[in-house]
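K.L.:
What TrEMBL records for this protein is below:
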type     : residues  : note
DOMAIN   : B:30-254  : domain 'ABC transmembrane type-2'
TRANSMEM : B:30-54   : transmembrane segment
TRANSMEM : B:60-86   : transmembrane segment
TRANSMEM : B:107-131 : transmembrane segment
TRANSMEM : B:143-163 : transmembrane segment
TRANSMEM : B:175-194 : transmembrane segment
TRANSMEM : B:232-251 : transmembrane segment
Amino acid sequence: MDAITVNHLRRLYKSTDGIIKRTTKEVVAVEDVSFEIRQGELFGLLGPNGAGKTTSVKMLTTLLIPSGGSATILGLDVVKDANKVRPRIGFIFGGERGLYWRLSGLDNLRYFASLYYVDEATSKKRIPELLEIVGLKGREREKVEGYSRGMRQRLHIARALLHDPEVLFLDEPTMGLDPVGARELRTTVKNLQSANKTILLTTHYMFEADALCQRIAVINKGKIVALDTPEKLKENVQDLSVVEVELYGIPQEVIERIKALDFVVEVSIENRDQRQVMQVHTPKGPEAIPVLVEHLNGLRIGRIITREPTLEDAYVRLVGGAEQ
Amino acid sequence: MLNRLTTNTRIFFEGAYYSYKALFRWLRPATYLASEVFAPLTMMIFFVYIGAYASGSNSASFYVIGNSLIFAASSGIFGVTMSVGGERWSGTLPYLFGSPANRWAMFVGRAVMHVLNGMLGVFIGLGWGILLFKLDLSHTDPLALLLTILITTFSTSGLGLLMGCLSLITRNVMLVNNTVYFLLLVFSGANIPVGDLPRWMQVISQGLPLTRGVACARTIIDGGSLADVLPLLQVEFLIGVILTILGYFLFKIFEIEAKRMGTLDIF
Ligand SMILES: Nc1ncnc2c1ncn2[C@@H]1O[C@H](COP(=O)(O)OP(=O)(O)O)[C@@H](O)[C@H]1O
Ligand SMILES: [Mg+2]
């Protein structure tokens, strides 16, 4: 059985502007999202900021009523059976809010254990185990306000696991963490999956989804634009190569002109210090270089290389790459 | 069934305990002492002297009793409002509403510690009265007084719960809170005898919590018995129940609306 099924889920937000003349605007945060997640699977929802990841997770965790479509968790409808869904799921949203900063980590866990009807004996046993899993052992009596971002994020994970839920939602769990903290957190997530939990993880980092997830759904502007294993997603771009051109300043109209070339599939620009690296996805490979150089006439050009496409390139191609 | 009841009771008291701890643990003992012990004193001195000067007739004990109960009200209103409204500020609402916890236990538990804190405030106020203003409790039935204080802190905490829910919905709650507090100062009879107010104001007084509690406390300290004040106390209690139920419904409406509108984590 699938642990999670999502059927044409949709959500609009109304926002009102103006003080004198009230105008109501509708934002389509999630336009049409469908997927299934198998029991025990670590599934990635990957997309740029504003793609609709958090909105989707909120609907699946009973915190937001969908405008259309439906979803089930362990066979239970997230709207009609919300009360039955809640005890069986755990969730965290990225960022460090959502904890009582003036309480110790331990008090936070104890309070949420009571909200999830975890009995005293069980929580006495489980809280130390969870502190061990998330690497907060020995720090649990300190107030959360003294914790680092990474510690708060890991406390959130422990909180989400208190009632031993079958399904976990992790919305951008590494958001705002330094590289070391992010890596530790990824290890924690990996370990959870081996504990046979079904996990939906959202992220805007391709490499994170690649490193952790068995399948990835790429979401862009509220729609799923691809859904497959990381390997299969990579195959989608195998017919292309990437030509990387190092530049020192490139006008927007030149980018547009290169994008319009018939052998160019996608162009993305990556800023590195004062330089930019223009990445051109093309089936022509190195043969494209002379034409590109012609179009870059008059600009200062650095190194030019041709390379095999990576998963990152597949992602860039799916969500449209110009801004990075 | 019974099991569910005991676990909900646990949510109730743990919610009470931790929300109170979260609110007050940052205070150092000295700060706590200042806000709980000495702030009431300055306020009491202010009203006793101003009041006695302005009215010329009312005795110090009139103001001592009135203002002691005002402390219960301020703990009820500001304490409970902060512990409910503070959830928005700390970003914990999605986690509270995403949990299976019984909403009633979760919500009303917030008020419990503030009821106790409010009672403590009343005792401190009366203590200052005995020490400094010759408040005479020799004719007082202690149990009747205790019951009066308990019911009055309960009813004003009910107002606090209602205000706390308003604070989830509106963002300008401190303004509303201060206004309500000011209304109580003026209309409850704590500092101005209700009988001295114009007719239309007296109507408002009768609708507020605290008014009857203050009257009962004065009667009891004057030597009245529980039987003398029981009718008034019952109404005071009823006002508390109504405010609490209203607050709870507002809380439920907030939950439903926030999930519909997507405003659960907007602050
Ligand atoms: N409460 C809200 N009111 C109005 N618009 C919103 C609200 N929440 C999100 N949005 C908009 O919906 C879109 C999707 O947001 P979100 O689901 O948070 O994306 P992601 O998590 O992928 O970054 C964005 O354009 C965002 O601005
Ligand atoms: Mg998001």
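Quick reminder: no glycine exception, Cβ is built from N, Cα and C everywhere.
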K.L.:
Please determine whether the transmembrane segment (B:232-251) and the transmembrane segment (B:30-54) are in contact (criterion: at least three Cβ-Cβ distances under 8 Å, sequence separation 6 or more).
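P.N.:
No, the transmembrane segment (B:232-251) does not contact the transmembrane segment (B:30-54).
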K.L.:
For the transmembrane segment (B:175-194), which stretch among B:60-86, B:107-131, B:143-163 has the most Cβ pairs under 8 A?
P.N.:
B:60-86
K.L.:
Same-chain Cβ contacts of the transmembrane segment (B:107-131) under 8 Å, 6 or more residues past its ends?
P.N.:
11-17, 19-20, 36-37, 40-41, 44, 60-61, 64-65, 67-69, 71-76, 79-80, 83-84, 137, 149-150, 152-154, 156-158, 160-161, 164, 244, 247-248, 251
K.L.:
Short question: which residues 6 or more past the ends of the transmembrane segment (B:60-86) have a Cβ under 8 Å from it?
P.N.:
19-20, 22-23, 40, 43-44, 47-48, 51-52, 107, 110-111, 113-115, 117-119, 121-126, 128-129, 133-136, 149, 152-153, 156-161, 163-165, 167-168, 173, 177, 180-181, 184-185, 188-191, 193, 209-210, 213-214, 217-218, 221, 251
K.L.:
May I ask for the residues of the chain that lie six or more residues beyond the transmembrane segment (B:143-163) and have a Cβ under 8 Å from a Cβ within it?
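P.N.:
Residues 69, 72-73, 75-81, 84, 107-108, 110-111, 114-115, 118-119, 122-123, 137, 173, 176-177, 180, 184, 209-210, 213-214, 216-217, 220-221, 224-226, 229, 233, 236-237, 239-244, 246-248, 250.
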